[in-house]
Amino acid sequence: MSEQHSPIISVQDVSKKLGDHILLSKVSFSVYPGEVFGIVGHSGSGKTTLLRCLDFLDMPTSGSISVAGFDNSLPTQKFSRRNFSKKVAYISQNYGLFSSKTVFENIAYPLRIHHSEMSKSEVEEQVYDTLNFLNLYHRHDAYPGNLSGGQKQKVAIARAIVCQPEVVLCDEITSALDPKSTENIIERLLQLNQERGITLVLVSHEIDVVKKICSHVLVMHQGAVEELGTTEELFLNSENSITNELFHEDINIAALSSCYFAEDREEVLRLNFSKELAIQGIISKVIQTGLVSINILSGNINLFRKSPMGFLIIVLEGEVEQRKKAKELLIELGVVIKEFY
């Protein structure tokens, strides 16, 4: 983000305890307007607790939180949930829809609560505009019980954005969806971010979702910040074991470790590559030098915010000096090398 912007979310030294149990420990980070910010980590790492603190549903034991101009230093009696909800919306994995209300009525509800000054026609116009944006107009008179999981989540998103918030907090909103519905939700969230400038904070255990949508990622472990950076930086360059475990969970290290490799002449490498390198013949360029032989064990290409990035697991075979020269060539080509053995 541009340096001239102030953070729309600022978290400084936030800790939270429940009895003797530490839920969050000195968490600090900033989110800037227009970012799609991911929060990842294993179960129990503090992701949802942190998100609830950002929504002021939970309060930290210590530290400061500022979100869209509201902060936790305000006395409880002076904090206006109504005013806060005009600027910040929260979407959970459980949809939270009123079963007795139609799709239209569910989406109109926050407008009637937070914008009572709006006329009936103004409410209808804003609701139908939101329905059209999410391709839900044809279901406006349906009840939640008659909707698919993906449609319910779209309604939850519509209800969250109908008041035109500055920030939307998303808690595991694709966890119960099938792959096609997940892709659809990702596209809509990206569209929200790019066309309406809404800042998104996304908690997810689905790392593929994070790769596809997030510009920046906070990695949490046991309630603390393990690592923070752009999605590309963490995928390509991280040396952190927790980050690599999350970002490269599709690499079966145990299976690779069980393979036999001849001493001195073979080594296993992970090659990380980004953008234009994903479609170039980087392996063939190395093989053509005649320095080494290369066997490909595994590989994958993912879209990171519509830019291809991926990895290859290879066995590099040759004499020590030849392997060294081959690795130097790979680095010159822009490949990031991680050694297994």
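Glycine is treated like the rest: Cβ placed from N, Cα and C.
According to Swiss-Prot, the features are:
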DOMAIN    9-247  domain 'ABC transporter'
BINDING   Gly41, His42, Ser43, Gly44, Ser45, Gly46, Lys47, Thr48  ATP binding site
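Here Thr48 (ATP binding site) comes close to Asp171, Glu172, Val203: these same-chain residues lie at least six apart in sequence, with C-beta atoms under 8 angstroms from its C-beta. The ATP site is defined by Gly41, His42, Ser43, Gly44, Ser45, Gly46, Lys47, Thr48, and by the 8 Å test on Cβ atoms against their centroid, the other residues of the chain that qualify are Met220. Around the Cβ of Gly46 (ATP binding site), a 10 Å sphere holds 22 further Cβ atoms from the protein chains shown. Neighbour counts of Cβ atoms within 10 Å were compared for the binding-site residues Gly41, Gly44, and the top value is held by Gly41. The average pLDDT computed for the domain 'ABC transporter' (9-247) is 92. In this structure, Ser43 (ATP binding site) belongs to neither helix nor strand by DSSP; it is coil. Each of the binding-site residues Ser43, Ser45 was scored by how many other Cβ atoms lie within 10 Å of its Cβ, and the smallest score goes to Ser43. If you count neighbouring Cβ atoms within 10 Å for each of the binding-site residues His42, Lys47, the highest count belongs to Lys47.
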